[in-house]
Amino acid sequence: MMAAKDKGLLIVVSGPSGAGKGTICDAMRRDFPEIGYSISMTTRPPRPGEIDGVNYRFTDNAHFEALLAADAFLEYAKVYDHYYGTPKDFVFRRLDEGRHVMLEIDIQGAMQVQEKYPEAVLIFILPPSLAVLEQRLRDRRTDSDEVICKRLAKARGELDWIRRYDYVIINDDLQRAVCQADAILTAECRKTSRNDNTITAVLKQYTRGE
Ligand code: 5GP
């Protein structure tokens, strides 16, 4: 009989927009191709170049609230007046299949995931300073001054939450930040507590003398 699979890893990544979260998450997925990326649902309008079903699943308030009432989200948050949420089905199906899932979500959402699924691995990505963050946001040229101010104020307010995360990565050098993220995933995957079924199967072979 085939041994039961151990569950995949639920990886939660947060950090202010402009911290380099997206780039680091892309690199982790390149280095660990078995990671699946949960596509969030949002009521925020698409930015130029964003594609429905790729960047987000874009929807309206009524549909989002109906799904919320049906308990369809693992977590959700209202950020800058728009809803964002992680549909539950995809995440749990994949974890049960022994595959990893990555969520790139804000702190409110990360805390809900930690509460509901304590085995999740929470990583916070920080820019080296608020000044660098502001410069990165301005260089992106995607947000108005008002939105940039809101994002900076939010980043400042979020700093108190970092200690609730399992890991922090300071992104002053992208390559080093990616190495650190990869090291975290490698170590987490090797934890005995995450490999119970695998260990049982191997030990059975040992006792059979194979
Ligand atoms: P943006 O509008 O810049 O794409 O995202 C704004 C914020 O919403 C970011 O901090 C992003 O991480 C967060 N976010 C994106 N998707 C989700 C989600 O499904 N749940 C939660 N809680 N936050 C999300």
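Note: Cβ is positioned from N, Cα and C throughout, glycine not excepted.
Bear in mind that TrEMBL entries carry predicted annotations, made automatically and left uncurated.
Among the features that TrEMBL reports, ATP binding site is placed at Gly15, Pro16, Ser17, Gly18, Ala19, Gly20, Lys21, Gly22. According to TrEMBL, the feature domain 'Guanylate kinase-like' maps to 8-186.
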For Lys21 (ATP binding site): DSSP state (helix, strand, coil): helix
Gly15 (ATP binding site): tally of other CB atoms within 10 A of its CB: 27
Close in space, distant in sequence - Lys21 (ATP binding site), Cβ under 8 Å, 6 or more apart: Val13, Ser14, Gly15, Glu104, Ile125
Cβ contacts of Ser17 (ATP binding site) (under 8 Å, same chain, 6 or more positions away): Leu137, Arg151
Binding-site residues close to ligand 1 - of Gly15, Pro16, Ser17, Ala19, Gly20, Gly22, only those whose C-beta is under 6 Å away: Ser17
Cβ neighbour count within 10 Å of Gly20 (ATP binding site): 23
Residues that sit under 8 angstroms from Ala19 (ATP binding site) by C-beta distance, when 6+ apart in the chain: Ile125, Leu126, Pro127, Leu133, Arg136, Asn171
Neighbour tally for Gly18 (ATP binding site), based on other Cβ positions within 10 Å of its Cβ: 24
Neighbouring C-beta atoms (10 Å sphere around the C-beta of Pro16 (ATP binding site)): 24
Other C-beta atoms that fall within 10 angstroms of the C-beta of Gly22 (ATP binding site): 15
